[in-house]
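Summarising the annotation, TrEMBL assigns disulfide bond to Cys203-Cys404, Cys263-Cys428, Cys315-Cys364. The annotation domain 'Peptidase A1' is assigned in TrEMBL to 72-400. Feature annotation from TrEMBL assigns N-linked glycosylation site to Asn337. Per TrEMBL, transmembrane segment is recorded for 438-463.
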Amino acid sequence: MGMERKSGEAEAAGTKFFFQRINTPRSHITEGVCDAERRTAPAPGGTVRQRGWQQDFTTRPPAVLGTAAAQCGVRASVGAQMAGEGDTSEMASGRCPLREQAGSSNTYQSSGRGVAVKYTQGEWEGELGTDRITIPQGPSGSITINIAAILTSEGFFLPGINWQGILGLAYPLLARPDPSVEPFFNSVVRQTGIPDVFSLQMCGAGVSASTTADPAGGSLIMGGVEPTLYRGSVWYTPILEEWYYQVEVLKLEVGAQNLNLDCKEYNSDKAIVDSGTTLLRLPGNVFSAVVDTIMQTSLIEDFSAGFFDGTKLACWMRGESPWRLFPKISIYLRATNTSLSFRITILPQLYVQPVTNIDSTLDCFRFGISPSANGLVIGATVMEGFYVIFDRAQKRVGFAVSTCAENGGVPFAEIAGPFLAEGVASDCTSGVFLREPVMWVIAYALMGICGLVLIVLLIMLILPCRRHRDGEITDESSLVRHRIK
């Protein structure tokens with residue numbers, strides 16, 4: 001990885017650190033699915049369970065597709081969509097040979113419909129079809145699902161990854177080519193009868209963002225909750241809209257300092273939970289406030305702005321830990337009792353992320369938060385600290401401290417509440433931009449009205465306008481008869 005050491009060094013509480021300028025494209029060191037950058041690290045490994053369902057996502061094939069037994073490793077994304085930022089309703093595969101297996105699988109059926117997905121970085125095109133999926137150690141028999149077989153891609157499958165597609169878990173409204181395509185988890189619920197609930201434990205905390213080795217793992221539980229994967233209580237926040245998993249953020253704190261922004265700033269144009277987004281992504285004004293507060297409250301003087309905008313890595317001499325120099329970051333979410341809130345907190349171990357293969361004498365780190373033009377995204381940077389429950393049946397998302405987000409018994413995340421939601425607007429989402437699907441509906445409706453008006457005007461131009469008076473007198477003869485001489 002091409003790096004350039006900044007001349008000079010900085011001092012923080014007696015610790016020397018350096019800045020490394022990133023010369024390689026940013027997409028080579030970061031990764032994401034929904035409005036996010038991509039990194040070369042493999043997706044967090046994991047298991048699929050439902051009362052005995054269990055399958056490792058990265059070390060063993062999580063799914064067997066069709067009678068040709070194409071085996072695929074996938075990245076789970078709860079907030080992606082098929083066209084625009086991500087893949088929501090299908091398991092998309094580029095490296096597992098779906099296209100090649102189609103001819104030998106007598107269960108694969110092509111719909112003949114094309115699918116194109118363009119991300120912030122990376123894109124792919126393919127065809128939509130259906131096939132049967134068998135989850136080892138899962139339900140008996142197979143499940144028929146929609147599949148997007150990737151035929152061409154650019155910047156999507158990056159070097160060093162060990163997954164071949166995306167397992168989209170968002171709502172049908174985001175499905176592509178259109179919402180009539182049934183998403184994967186909807187198909188599982190309908191065909192197996194399991195509860196409309198799934199949960200995720202992502203165990204990537206402390207794993208280098210550029211390592212090619214398998215990370216610590218994680219679990220996807222379909223149909224319920226696994227109590228052994230979390231500690232303490234589960235706190236729930238309502239799902240506001242069923243497209244992404246949209247929630248309501250009330251405020252942010254850096255250390256113990258409230259950013260004191262209007263809560264609508266946090267929810268403009270949406271605030272969502274998305275495992276397919278690597279970083280914690282914040283609207284521009286919020287990101288700037290967070291960075292300013294970190295720089296004011298951290299123990300580091302003259303810290304380079306390049307670390308925060310993603311153009312530089314911060315490096316310390318090997319063995320020295322930078323985490324004690326940074327503050328905690330807390331996000332307040334509205335509780336299901338809307339007069340209350342709860343707080344999820346991440347320690348610096350989650351957002352000051354190690355990067356390997358830089359220098360044999362240095363430990364280098366990147367900033368796990370980035371600005372966003374498309375709303376606030378609670379991505380893997382935060383989710384790796386928590387066991388997250390997507391209770392679609394009751395329209396809520398739950399958070400509890402994950403059992404794998406710790407080191408030496410010290411957790412990297414905290415959760416606390418309840419707190420009175422006083423001093424916060426009763427609705428922090430009012431006045432934000434309309435979500436994209438609604439805007440498309442409005443646009444198509446206006447186009448339909450314009451088309452109807454155009455048709456009426458054409459008819460009026462083509463057909464002669466006749467006025468019947470005193471029998472068969474036409475407009476033309478009437479004008480001639482009554483003209484002024």
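In case you wondered, yes, glycine gets a Cβ from its N, Cα and C as well.
No curator has checked TrEMBL annotations; they are predicted automatically.
Feature annotations (TrEMBL) mapped to structure.
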residue: Cys203; record: disulfide bond; Cβ within 10 Å: 20
residue: Cys263; record: disulfide bond; Cβ within 10 Å: 22
residue: Cys315; record: disulfide bond; Cβ within 10 Å: 26
residue: Asn337; record: N-linked glycosylation site; Cβ within 10 Å: 11
residue: Cys364; record: disulfide bond; Cβ within 10 Å: 26
residue: Cys404; record: disulfide bond; Cβ within 10 Å: 22
residue: Cys428; record: disulfide bond; Cβ within 10 Å: 23
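Comparing Cα positions, Cys364 (disulfide bond) lies closest to Cys203 out of the recorded positions Cys203, Asn337, Cys404, Cys428. The shortest Cα-Cα distance from Asn337 (N-linked glycosylation site) to any of the disulfide-bonded residues (Cys203, Cys263, Cys315, Cys404, Cys428) is found for Cys428. Calculated from their C-alpha atoms, the gap between Cys404 (disulfide bond) and Cys428 (disulfide bond) amounts to 33 Å. A distance of 30 Å separates the Cα atom of Cys263 (disulfide bond) from that of Cys203 (disulfide bond).
The average pLDDT the prediction assigns to the domain 'Peptidase A1' (72-400) is 83.
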